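Copied over from TrEMBL:
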TRANSMEM  B:12-30  transmembrane segment
DOMAIN    B:117-325  domain 'ABC transmembrane type-1'
TRANSMEM  B:119-144  transmembrane segment
TRANSMEM  B:156-181  transmembrane segment
TRANSMEM  B:201-220  transmembrane segment
TRANSMEM  B:255-277  transmembrane segment
TRANSMEM  B:303-325  transmembrane segment
Amino acid sequence: MTELSKTGAALGEPAPGNAPDAFLAVRDLKVHFPTDDGLVKSVDGLSFQVEKGKTLCIVGESGSGKSVTSLAIMGLHRLGAQGKHVQMSGEIWLDGKELVSADPDEVRRLRGREMAMIFQDPLSAMHPYYTIGNQIVEAHRVHNDVSKKVARKRAIEMLDRVGIPEPDKRVDGYPHEFSGGMRQRAMIAMALVNNPELLIADEPTTALDVTVQAQILDLIRDLQKEFGSAVVLITHDLGVVAEIADDVLVMYGGRCVERGSVDDVFERPQHPYTWGLLGSMPRIDRETSERLIPVKGQPPSLINVPSGCAFHPRCPYADIPKGDVTRTVRPELQQVGGGHFSACHLSPEDRTRIWTEEIAPKL
Amino acid sequence: MISYILRRTFAAVILLLVVTAVTFAIFFLLPRMAGQTADQLAQQYIGKSPTKADIAAVKQNLGLDEPLYAQYWHFIKGIVSGATYNLGPTTAHCDAPCFGYSFKNHVAVWPQLTSRLPVTVSLAAGAAVMWLVSGVVIGVISALKPRSFFDRTFMGVALAGVSLPMFFTGNLALLLFTYQWPIFGRTYVPFTENPAQWANTLFPAWCSLALLYSAIYARLTRSGMLETMNEDFIRTARAKGLRERNVVARHGLRAALTPIITVFGMDLGLLLGGAVITETVFSLPGIGQYAVQGITDNDLPPILGVTLLAAFFVVIANLLVDLLYAAADPRVRLS
Amino acid sequence: MSETKKTDADVTAAPDEREILLRVEGLQKHFPIRKGVLQRQVGAVKAVDGIDFEVRKGETLGVVGESGCGKSTMGRVITRLQEPTGGSIHFEGQDITRLNAAGMRPLRRDIQMIFQDPYGSLNPRHTIGGIVSAPFRLQGVEPEGGVKKEVQRLLELVGLSPEHYNRYPHEFSGGQRQRIGIARALALKPKLVVADEPVSALDVSIQAQVVNLMDDLQEELGLTYVIIAHDLSVVRHVSDRIAVMYLGKIVELADRTSLYEAPMHPYTKALMSAVPVPDPKRRGAKSERILLRGDVPSPISPPSGCRFHTRCWKATEICRTTEPQLVELRPGQRVACHHPENFADQAPQDTVLLSVAREAAELVAEEVLAESAATSAAVAAVAAGTAGDTDAEAAGEAADTATQPEAEVAADVEATAAKTGPGARTAPAAPLRTGEATTEAEADRQDPTDK
């Protein structure tokens, strides 16, 4: 308990139960799904906050819980057939409102109006039988009592804003008639049609080509500047993170292993998993090193998350801390610098030494 | 789009020609291959103890002595422009479309079919509405609450519905509601005469038929809905803040029902070609019953006629389904 | 055995002296489009539309491009999984373009393919042993020590445990499945392995494992790779030479260093600039980024002339009318461009920008334009110095025929580069040309049949 409150105090947040200052604040979020094979702990104690006008990137590999986090903020994981079995605890504060304990219909009214989401694959994320225009009109009219005509005008305006040529014609096109990049633009138009203050983007550019990815990231950045919204962007690509993030949260096995400003995380990463991600990436901006430095082994199962530090079976430095602390004690997030947190048993000195002497020179 | 319709229509016409050819082959070529002579074949078209003259007349009228392609030609010509049969003292005219002439009963087949068609249509349409509505509703509810009490109960009933044969449910319905507690009428009354009576008589038949089909449709809808509700676009619809019932109705059902159109069209087409068992059980004077009569009388032309009509309905239903599908799913229009 | 030795010897030899394993000339793959009541062919998707390249023994050729550029089709055609509609493929000197299934059978041992989707390419009902031993059964090969032993050796080779022999694909993670795919591809000791997006479906940390594995296996077994991928950083890491494809054509083919340090085709440059770099400090340097306008045009009716001219910020009239050939401008660097970057202009007389190009250039930072102008001019200046060289002639011609500023560039590269040179044609600093250019270019655009 004391440990928890200590970290809480270190995070500079008000005590649980009270509204935080931040626009979006997530506190000790847990999302568990019971399955036939056991309890899947998709998110297991996650805390972070995002201010308006800022971008937080959540980085992690498949099964790290990053997508479930985004769905949980939107309240989407509770819908559908398996939704009612979800076990969820913690707090999600959006603009002074707590969402985990809120009435589902109240959360629904916030969805699409105050918080909106864009998805990875815009082709499957749009209904194949309705025109792009109709889908945007629908999104607008759910929350605004306006005529179809007015909503349609708004849709065309949004399509124009996201850079779709001839919006008054394309508005009547179907998703399959759009190219991948144009579809994602339309998806963004749909998400932003009600001027949401929080935009969640789940791998928005993963399905796109690099040149299109550059266009879309540019667009998101411009729109954020224009609307001043908070953005939570979920990705596995550190290149995208470096491109767009203000803050970075690295997830592993349903938990946050490192969190900090983008400069902290890229310049002074404090967790071996972050090092692993950086070392795994071939980089176009550096001399080609002969070999990549991969993370050994496989990502953990969320049903049987390894004991102690979830990363210890894959961590090359797991034996440095004395005793078997890495195997038995789960490391808590600890402040390692202003606004920079890491959950690792290595001593700060060890971490700095390993990073500067062993990892950084090889990147 | 127009090219698509033209192409499909063209394909349907070709398919019908193939169907007539195959039907023709079954009725005229197969017996010959089995070793029947033209005389023996002709004999089948007339009643018991035919005279030599009768046989010769039939043989000549049907051209059974001529080569096969010529026989087929007569057959097609009959459908398109009618035929005249020389029956010794009298001649019988069989107007176009001539689907054959029953030498046993001395009537052309086509008028028989048209007079019986409204009965079959009444039966099929009424049952179709019932099974479609009940099947889809049950399927949707089951899909939204999978593994719930409702789901398990109705899927159990559905299984029973599929497994119980028509002659069981039909006779049971007759026994209970027409004889034991005579709520429903026994003889068919045309819709034009008395709609209330029409519905009253047909109701048990509709129910029996619908029980069978709605079970299948409930299962189809359920699996389609389960799949659809896991689609990404459903998640998008929810992310817009739509109410769940709108998500289901506007986004889920629209996508889940489209494949069901296909099955529905085919089933309806098949049923219009004669609900043989249902019509027999409920003594409805429809096309199916006509076919049964033809079989029991060993009268080939009615059977041939019904077969062709059934094929026609199936092919047309198929065409309509394709067009409907293209209308429902914009992605189909491209191809 | 002696063959392995030979390959080893080849690996150590200089790249150019290595034996050519695969030669592709004018390769075409068109997919017909049928329309109307009669389903007549009304056109074709020109997925691969005339490409030439060769693969030398022991090297890795990387093929990059965006979706729809035809790179995957190219992979399937050179392995003869699909029939080419034109051109020729020579494998070890033998023409395999028109070989039938029986003729290809022995070659199937030598040419193997690794697919993108480690989920879809393994039959879920077969055990790992069954999957990896399939090539032996199909080819009727009995390896030394028996199939099972060989399969287990292969599993170990790709970093799996021999005990996995009797397991099923669903018991493995994505990375492990890709290892199984690799084991299967290597079973018959192929000479050429064509890998289509071998790591793009995998997580970052697993990607690195597989990339390293492929590296090791190449060294160990003397393999030759053709690696098709959309991820430029991965391709750069694994490849010796790289081909950049755009709309069914190779626009640039060069060794890795040249391509990444001095790309000549504007498309290559744009493609590389778009790759996000995991370094937040570079974010401010937005000027390096070249944003391309719009989407890749349809491969059904690709643009005339240079296919990139509709999106290129350097496109002039010649780009619209004349298709540039893939020529070796610098040793080991082949480019198909009239106005290459980092090199002397190939069509210096053609200076009027198309109006689309002017729009495209608005998205390109002035620094980039200036820099490209400077480097091109510098190359031209150097070339001009070496008389007798054909490039020098071109550059000299440029100096003669081109307008005043171009000559200045040759004289004083550094000072005037920012305002002049080919790249700067669009910059506001050169207004004298734009007025004339607009009308000319537009007039031309209105009447495309003119030329």
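Positions of Cβ are set from backbone N, Cα and C atoms, glycine also.
Heads up, TrEMBL stuff is auto-annotated, nobody curated it.
Simply put, out of B:12-30, B:119-144, B:156-181, B:201-220, B:255-277, B:255-277 has the most Cβ pairs sitting under 8 Å from the transmembrane segment (B:303-325). Across B:12-30, B:119-144, B:156-181, B:201-220, stretch B:119-144 shows the highest tally of CB pairs under 8 A with the transmembrane segment (B:255-277). Sequence-distant contacts of the transmembrane segment (B:201-220) (same chain, six or more residues past either end, CB-CB distance under 8 Å): 122-123, 126-128, 130-132, 134-136, 138-139, 142, 154-155, 157-162, 164, 166, 169-170, 173-174, 177-178, 184-189, 259-260, 263-264, 267, 271, 275, 278, 281-282, 284.
Taking Cβ pairs closer than 8 Å, the transmembrane segment (B:119-144) reaches residues 150-151, 154-155, 158, 188, 191, 198-199, 202, 205-207, 209-226, 229, 248, 252-253, 256-257, 260, 264, 267-268, 271-272, 274-275, 278-279, 284-288 in its own chain, all 6 or more past its ends.
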